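Colleague: To start, I am sharing the structure in question, which I have written as structure tokens.
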Amino acid sequence: MDENDLKYIEKVLGRKPNHIELAMFENLWSEHCAYRTSKKLLRMFAKTVNEKTSKNIVVGIGDDAAVIRLKNDICLAIAMESHNHPSYIDPYNGAATGVGGIVRDVLSMGAKPIALLDPLRFGDIFGKEGDKVRWLIEGVVKGIGDYGNRIGVPTVGGECEFDSSFDYNNLVNVVCVGLVKENEIITGKAKEPGLSLILIGSTGRDGIGGASFASKDLTEESEEERPSVQVGDAFSEKCLIDAVLEAVKTGKVKAMKDLGAAGLSGASSEMCYGGGVGCELYLENVVLREPLTPYEIMVSESQERMLLAVEPGSEEEIIEIFKKYELPASVIGKTIPEKRIIAKYKGEVVVDLPLDLLCEAPLYDREGKEDLKEKEDDKEKIKMPEDLNAVLLKLLESPNICSKEWIYQQYDHEVQIRTVVKPGKDAAVLRINEVYPMGIALTTDCNSRYCKLNPYVGAVNAVAEAVRNLATVGAEPIAMLDNLNFGNPERPERFWQLAECIKGLADAAEFFEIPVVGGNVSLYNETVIEGKEHPINPTPAIFVLGKVEDVEKVPGVLDNKIKEGDILIITNETKDEMGGSEYYKVIHNTEEGRVPRVDLEKEKKIYEEVREVVKEGLVSEAVDCSRGGLAVALAKMAVLNNIGLEVDLTEYNKNNLRDDILLFSETSGRIILAVRDENKDKVLSKLSSAYIIGKVGGSRLKIKINEKDVVNLDVEEMKKRYYEAFPKMMGEL
């Protein structure tokens with residue numbers, strides 16, 4: 001907080017806040033809690049929620065998680081969070097507690113957590129910070145795996161992007177999906193006075209100041225802030241999940257909140273302010289792990305804690321449930337009619353603040369300055385390599401394209417036995433037994449390099465790719481969350497990036513008719529070293545939830561598998577759009593060129609058509625063309641299915657592109673489908689922009705252009721490169 005904030009607080013209060021109240025303001029007025037920079041910009045998302053898109057929204061923006069109706073009374077709670085700063089300082093605990101926190105956000109809605117996804121960003125593994133990057137990867141992946149596995153929630157998807165801009169600020173974003181019946185939904189808003197407040201879990205000294213720590217740049221001295229990183233206990237969280245779900249079944253729980261950022265001061269004030277009441281807290285009743293002062297009790301961010309508002313008279317019944325699971329639980333206060341937070345310690349009032357002041361921080365009006373980095377490429381300088389086989393193999397080994405099996409094999413992705421399509425594909429698919437054969441598809445997306453070059457276009461691309469990924473499994477997008485990861489917004493160029501990305505996400509989501517129902521903003525992902533600024537690439541990571549009508553029709557499921565003789569069809573044309581492409585970066589070390597543009601009208605039609613042919617069970621495999629372009633998508637189709645492909649792009653090359661541009665351009669709107677020969681005419685009749693490019697068979701990937709074999713590779717060789725690259729990078733092969 002700055003001097004103006006302090007003056008404003010003193011003016012409204014008519015006095016100076018005491019040291020506990022000041023700490024509460026510092027946390028609740030932090031960027032992390034109050035969205036002081038972004039709140040005005042986030043209003044752009046309002047246009048995505050309209051009469052058509054809102055019909056299945058049960059709980060929208062403003063709670064710990066959004067709740068979406070899937071079918072009948074079966075609903076899904078969804079939430080997305082970041083744990084970026086803590087995961088750079090202490091990767092294992094930072095990532096583990098990120099998982100714990102997002103699981104509790106979903107749990108606080110009364111939902112059983114059923115899936116996790118983890119969009120991750122790390123620095124250049126081959127660069128000068130390579131050793132640190134490996135250390136961060138090991139810690140983050142182990143933290144996510146250990147915590148998720150121990151609480152019995154499968155990690156079914158995510159992504160992992162590498163770029164030198166993340167050398168000093170890795171990103172750990174986490175998504176959780178939970179299942180809840182509509183009549184058992186709990187919100188985070190206590191709406192009546194006289195409710196008893198029960199705190200579950202014990203409070204220690206860990207994580208004090210975590211919210212304010214997450215609201216500033218990292219510096220060379222940030223290592224000293226390790227105490228701001230919380231420490232998780234997955235076994236306690238597993239007990240907490242089971243106990244909370246049992247307590248919800250009593251019907252006595254009226255509101256519930258996870259104790260995350262700002263600890264008890266945040267959870268109690270937000271719960272009461274959101275419901276239009278106040279609260280009185282008795283801090284001596286809080287169960288402590290060690291002797292703490294009232295100040296420490298109010299701002300501790302100890303993990304595995306929940307605040308419940310319950311019917312008066314039901315306290316003993318609720319506490320007994322938690323005792324059964326050996327979890328500390330105590331009545332620590334009550335809701336009151338006055339919209340204030342009053343905290344007492346052994347009879348003495350230590351906090352007395354109006355909630356509207358505490359929970360409504362003044363918003364910033366920041367200035368933006370255009371910083372468009374996209375520029376034309378010079379094809380005279382960027383020559384086509386002679387050996388395109390070598391180029392494709394090198395791309396299959398690049399960190400952004402190679403298999404991330406090394407990561408996801410550390411996660412249990414099949415616990416709860418719902419997983420139909422596992423990690424490694426374009427979207428995860430889970431069956432929802434309560435409404436079988438219906439299921440859900442889950443995807444996270446963002447190409448931060450596109451967003452650096454052209455933030456608006458990059459953000460539109462993220463939404464288009466998510467919709468495309470869902471189309472490959474026949475899923476209709478029904479809700480979207482965003483996790484906005486940016487540098488220091490006090491610098492006009494970064495604020496401009498933030499505004500442009502939000503505008504791009506909002507415009508694309510509105511066009512594709514996907515309501516944006518929640519998310520998270522993580523700013524100050526920027527480090528200053530010896531006076532030099534190191535901001536991350538703007539990274540508006542998104543999660544899109546899709547509805548699958550029949551999981552048995554999804555390509556690759558049951559007998560619906562790719563086989564010899566299948567015909568290969570591609571949607572949309574390929575254009576010269578090389579800006580930010582993996583090919584240009586890895587092979588030519590440049591980011592020049594035009595970032596792919598999304599033709600919203602055309603692509604919406606393509607995705608709807610692909611969705612329909614997949615839903616009819618006419619597609620045996622579907623692969624999204626994104627990083628690495630058409631050649632990489634074909635290679636991955638061959639590798640993942642252990643089968644050869646014979647492709648001829650001569651007729652398809654309508655734009656007479658140079659061979660390398662045709663193979664590696666990342667034009668949006670392209671999906672490669674494999675279909676049975678007897679179904680090809682039916683499929684083509686349903687697609688408005690589609691071309692036959694080859695067939696499935698043999699043991700090699702052969703790509704011809706104008707009678708010339710431009711690619712001819714053994715599938716086994718491609719598999720070796722694709723699967724061994726990451727373990728080699730981590731020093732294990």
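Any Cβ shown, glycine's included, is placed from N, Cα and C.
Because the structure is a prediction, the values reported are computed rather than measured.
Straight out of Swiss-Prot:
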type	residues	note
ACT_SITE	His32	active site
BINDING	Tyr35, Asp482, Gly519	ATP binding site
BINDING	Glu81, Asn520	Mg(2+) 1 binding site
BINDING	Ser82, His83, Asn84, His85, Arg104, Gln230, Glu301, Ser302, Gln303, Ser522	substrate binding site
ACT_SITE	His83	active site, proton acceptor
BINDING	Asp105, Asp258	Mg(2+) 2 binding site
Colleague: Can you figure out which of His32, Tyr35, Glu81, Asp482 (the recorded positions) comes closest in space to Gln303 (substrate binding site), comparing Cα atoms?
Modeller: Glu81
Colleague: Using only the Cα atoms of Tyr35, Asp482, Gly519, which the record gives as binding ATP, return the largest interatomic distance in Å, rounded to a whole number.
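Modeller: Site span for ATP, by Cα atoms: 14 Å.
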Colleague: Quick one: of Tyr35, Asp258, Asn520, which binding-site residues lie within 10 angstroms of Ser82 (substrate binding site), measuring between C-alpha atoms? Sequence order, please.
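Modeller: If one measures from the Cα of Ser82 (substrate binding site), the binding-site residues that come within 10 Å are Asn520.
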Colleague: Find the shortest Cα-Cα separation between Tyr35 (ATP binding site) and the recorded positions His83, Arg104, Asp105, Asn520, and name the residue that gives it.
Modeller: Asn520
Colleague: Within 10 Å of the Cβ of Asp482 (ATP binding site), how many other Cβ atoms can you find? Include all protein chains, please.
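Modeller: For Asp482 (ATP binding site), the count of other Cβ atoms within 10 Å is 29.
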Colleague: Of Glu81, Asp258, Asp482, Asn520, which is closest to Arg104 (substrate binding site) if I measure between C-alpha atoms? They're all binding-site residues.
Modeller: Asp258
Colleague: Reduced to three states, what secondary structure does DSSP give Asn84 (substrate binding site)?
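Modeller: Helix, per DSSP.
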Colleague: From the Cα of Asp258 (Mg(2+) 2 binding site) across to the Cα of Asn84 (substrate binding site), what is the distance in angstrom?
Modeller: 19
Colleague: Can you give me the Cα-Cα distance between the residue listed as 'active site, proton acceptor' and Asp482 (ATP binding site) in Å, rounded to a whole number?
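Modeller: Approximately 14 Å lies between the Cα of the residue listed as 'active site, proton acceptor' and that of Asp482 (ATP binding site).
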Colleague: Assuming the binding residues for substrate are exactly those in the record, Ser82, His83, Asn84, His85, Arg104, Gln230, Glu301, Ser302, Gln303, Ser522, what is the maximum CA-CA distance in angstrom, rounded?
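Modeller: If we measure all Cα pairs in Ser82, His83, Asn84, His85, Arg104, Gln230, Glu301, Ser302, Gln303, Ser522, the largest is 21 Å.
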Colleague: Nearest to Glu301 (substrate binding site) by Cα, among His32, Glu81, Asp105, Asp258, Asp482 (recorded positions)?
Modeller: Asp258
Colleague: Starting from the Cβ centroid of Tyr35, Asp482, Gly519, which together make up the recorded ATP site, report each further residue of the same chain whose Cβ lies within 8 Å of that point, ordered by sequence.
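Modeller: Once Tyr35, Asp482, Gly519 are set aside, the remaining close residues are Ser38, Leu42, Phe45, Leu481, Asn483, Leu484, Gly518, Asn520, Val521.
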Colleague: Taking His32 (active site) as the reference, which of Glu81, Asp258, Asp482, Gly519, Asn520 (the binding-site residues) have a CA within 10 A of its CA?
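Modeller: Within 10 Å of His32 (active site): Asn520.
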Colleague: I need the nearest neighbour of Asn520 (Mg(2+) 1 binding site) among the binding-site residues Asp105, Asp258, Asp482, using C-alpha distances.
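Modeller: Comparing Cα positions, the closest of these binding-site residues turns out to be Asp482.
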Colleague: Would you mind sorting out which of Glu81, Asp105, Asp258 (the binding-site residues) have a C-alpha within 10 A of the one on Asp482 (ATP binding site)?
Modeller: Glu81
Colleague: For Asp105 (Mg(2+) 2 binding site), write down the residues of its own chain that are at least 6 apart in sequence and whose Cβ falls under 8 Å from its Cβ; none is a fine answer.
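Modeller: Expected: Asp64, Ala65, Ala79, Glu81, Cys176, Asp258, Gly260.
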